[in-house]
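K.L.:
Starting off with a structure, shown below.
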Amino acid sequence: MDVNPTLLFLKVPAQNAISTTFPYTGDPPYSHGTGTGYTMDTVNRTHQYSERGRWTTNTETGAPQLNPIDGPLPEDNEPSGYAQTDCVLEAMAFLEESHPGIFETSCLETMEVVQQTRVDKLTQGRQTYDWTLNRNQPAATALANTIEVFRSNGLTANESGRLIDFLKDVMESMNKEEMEITTHFQRKRRVRDNMTKKMVTQRTIGKRKQRLNKRSYLIRALTLNTMTKDAERGKLKRRAIATPGMQIRGFVYFVETLARSICEKLEQSGLPVGGNEKKAKLANVVRKMMTNSQDTEISFTITGDNTKWNENQNPRMFLAMITYITRNQPEWFRNVLSIAPIMFSNKMARLGKGYMFESKSMKIRTQIPAEMLASIDLKYFNDSTRKKIEKIRPLLIDGTASLSPGMMMGMFNMLSTVLGVSILNLGQKRHTKTTYWWDGLQSSDDFALIVNAPNHEGIQAGVNRFYRTCKLLGINMSKKKSYINRTGTFEFTSFFYRYGFVANFSMELPSFGVSGINESADMSIGVTVIKNNMINNDLGPATAQMALQLFIKDYRYTYRCHRGDTQIQTRRSFEIKKLWEQTHSKAGLLVSDGGPNLYNIRNLHIPEVCLKWELMDEDYQGRLCNPLNPFVNHKDIESVNNAVIMPAHGPAKNMEYDAVATTHSWIPKRNRSILNTSQRGILEDEQMYQKCCNLFEKFFPSSSYRRPVGISSMVEAMVSRARIDARIDFESGRIKKEEFTEIMKICSTIEELRRQK
C-alpha cells in the first residue's frame, strides 16, 4: 500500500520533525588517496589568518614562524588570530573572581593526577605518529618504540612506570646532541616460486641503525602527522586532522586534565559531560536566563558558529592562560604544564603521503613524496595545487611544514572551552555595566549565546559587544552562519532546544542494524540499541516494535539463519532444517540457529540465551554452552562487554551489552596477509603487550585494586600481590600447605631471574 508521507507528520510538532532533514542514513563519505592537499590548505589558511603577525626563525630547527599575538586589532568580519594577551588574562581573572578558588582547586586535583598517572595512559588512543619509523602506528606500539629508543640512548627515568618520569626523558632527549634510532626498511627481490614457477616479489624486513642529529630529532619530536578526517557528513570538502607523536601526548594529557577539572566546575561548559547529563546542565542555563528576563526584558538566543576555530586559536595564548591559572603553584608543576603549548608553538605539520601521478599514455604511476615538494618543478601540477605549493614552500623543512600559529583539530578541546566560557562569563551585568547582559553554553568550538535586554536595540548592542570581545581573544563568530531566535528555540552541539530538548533521533540511525562482530554479540547489541533509544531518544513503542522486526530480518539475512520452517534457500538452510527437525522444543532454538524470535519491547534487557533457556532441549543446552565444546569461545567472557557505537555526530560512544558465552561468540582470526609484511614485528609486540596486560589484570581485578602508586615494576607488583593472596588463602584454609610452599617458591624464582637479567 502507498503511504502519503505527509500523513506521518499530521500529529507531529514541526520541531520534532527536525530529524528527517539530517543527512544521516546511508554510508558516510570516506576519503581516498592522499591528504597532502588538505594539509597544505590548513597550513596556508592558518598563516593567512595571522599574516600581519611577526615572523621569526626558530634557532634550533631553522623553521620560520609567524606570531600573530598582540598583532594589529582585527578588521570587522574577517577571521583572524590576533588575540590580545592582556584581554585573555583579564578574562581569566574575571572567571576566577566569579568562581572563587576554581583554579587553585583544579591545580591541586591535577597535581595529584600528575603524580599518579602511569605511562600506560599513553597506550590509549588509536593511530599515533611514530617518530622512530616516521609513520603512524597503534598507540601502544609507538610508545614501546619510543621507550626502546630512549633506553638505548641512556634515558631510563621512564622505567619507574610513571608518566611524569617518561616526560623527564622526553625533556632530556631534546638536549641530546644526537639520538640513535632503529628504522625498518623493506627489501624487495624477484624470486621464482617453486610451486607455480612464476616470478614473485618477496619482501624482507631489514632493520638498520640511524643517527639523528639534534635538529632532525627536534623536528620529529615536534611533528604532527596529518590524515584526512573520514566519514564527515554534510560536507562537500574533506579536511585534515592531526595525530601527534609520543613526545607531545603526555604533556597535552596533563594540560587537558587541568582544563577538564576547570570545565567540570563551570556551568556554561558543555564538556566533559555528555548525553542526558549535558542536556540537564544546558537546560539549567536556559532556565536561569528565562526566569531572570522579567517582564521588562526580552531574551534572544544565538545558535552560534565560529569561523575556523582551531586555525585562529594560538598556542601562545594557551601558554598565557596556563601561566595565569597556575600562578601560585610550585615551579615543577608550572613547567610541566607549560611545555605542551610551547611545543605547539614550534610544531611542524607532516604533509602526508605526497601526490600520485599517472601517465595515461605510458600506463605508469609514480608517487611524489612530500619531501620532494620543496624542489620539484611545478609544471606537473594543476593551477590550484601549484598555488598551494608555492605558498607553502618557504615553510618546508624535510617534508614537514612549519606551523606555529593555530591548533590542529581536537588537541585542546577542554582548554579552548575554558577560553570560550571566560567570554560568556563577562556577560554579567556587573561586567557589562549596561542594560544588556548575556550568558550561554560553550563546548569546544560550538556555542549558544543568550542575550537579555529591555529592547531590541539593547539585544543588538549586546551581540555586538560579545562579537568584539571574542575578536580580542582570537575567536571569530561567523555572522553568516550564526542565527538568532527568541530564547526557547536554538541548537547546540546537535541538540535541538524547543522549550526543552527534542530528541534528534536521526543521529542514532547509523547505530541500528547488525554490527558484524559475531552472532551472539550482534543480537545483544541490536536489542540494546533499541532499548537505549526507547530510554533516551523518544523512540516510541510502535516504532521500537517495528525497529525490532526490521532488525531480526536484517540479522537473519546477515547470518543466513532464516527460521527452520521457511522456504528461503541459503547456504545454511540444509543444516538449519536438519536441526529444526531434530529439535523437540523449537521455541528454544536461538534465532541464529533458525529459531523463532521471542523478543518484544518488554524483554529487550534479557540476553537471548537466558530468555530461551527454559525452552531449550537438554542436549541443545549442552552443546550451546558447554565450556568443553571447542566452538565455545574460551577467552574469559566478561558478563558485560563493550561495543563501540558510532553515532552520526560526535565521538564514538561506548555501549555496554550483556554477553553470554556460547558457541556463537566466536572471534574471527586475523587476516594472514599482514603476517608477511613489515607490520609483523609490530603484531608480535602487540600480542606480547596484550598478554602482559591480561596477566596483570588477573592479579589486580579492577574492583579490588587502586593502581599501584609508587615505583614498582609490573612484575614486582604481581609477585608481591601473589604472596599476599597466597598467605591469606593459606591462613583461611582455602589452599593446602604444599600449594602455598610451591607458590612461594615460584615467586622467589621469578625474583631471582629478574636479578640475574
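Glycine is no exception: its Cβ is also placed from the backbone N, Cα and C atoms.
The compositional bias 'Polar residues' annotation in Swiss-Prot covers 55-64. Taken from Swiss-Prot, the feature domain 'RdRp catalytic' applies to 286-483. Feature annotation from Swiss-Prot assigns region 'Disordered' to 53-82. Among the features that Swiss-Prot reports, region 'Promoter-binding site' is placed at 249-256. Residues annotated as motif 'Nuclear localization signal' in Swiss-Prot, with experimental evidence given as evidence: 187-195, 203-216.
Give me the structural setting of these features: burial, nearby parts and distances.
P.N.:
Long-range Cβ contacts of the compositional bias 'Polar residues' (55-64) within its own chain (Cβ-Cβ under 8 Å, at least 6 residues beyond either end) map to 214-215, 218-219, 222, 346, 348, 394-395, 397, 402, 404.
Sequence-distant neighbours of the region 'Disordered' (53-82) (same chain, 6+ residues past either end, Cβ-Cβ under 8 Å): 46-47, 214-215, 218-219, 222, 307-308, 311-314, 316-317, 345-346, 348, 394-395, 397, 402, 404-406, 471-472, 474, 476, 478-479.
Residues 110, 113-114, 117, 119, 121-122, 125, 128, 163, 166-167, 170, 318, 322, 336-337, 339-341, 343, 411-415 of the same chain, all 6+ positions outside the region 'Promoter-binding site' (249-256), place their C-beta atoms under 8 angstroms from a C-beta of that stretch.
A Cβ distance under 8 Å defines the sequence-distant neighbours of the motif 'Nuclear localization signal' (187-195), meaning residues of its chain 6+ beyond its ends; these are 201-206.
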K.L.:
Treating G and I as helix alongside H, and B as strand alongside E, what does DSSP give for the motif 'Nuclear localization signal' (203-216) in helix, strand and coil?
P.N.:
3 helix, 11 strand, 0 coil
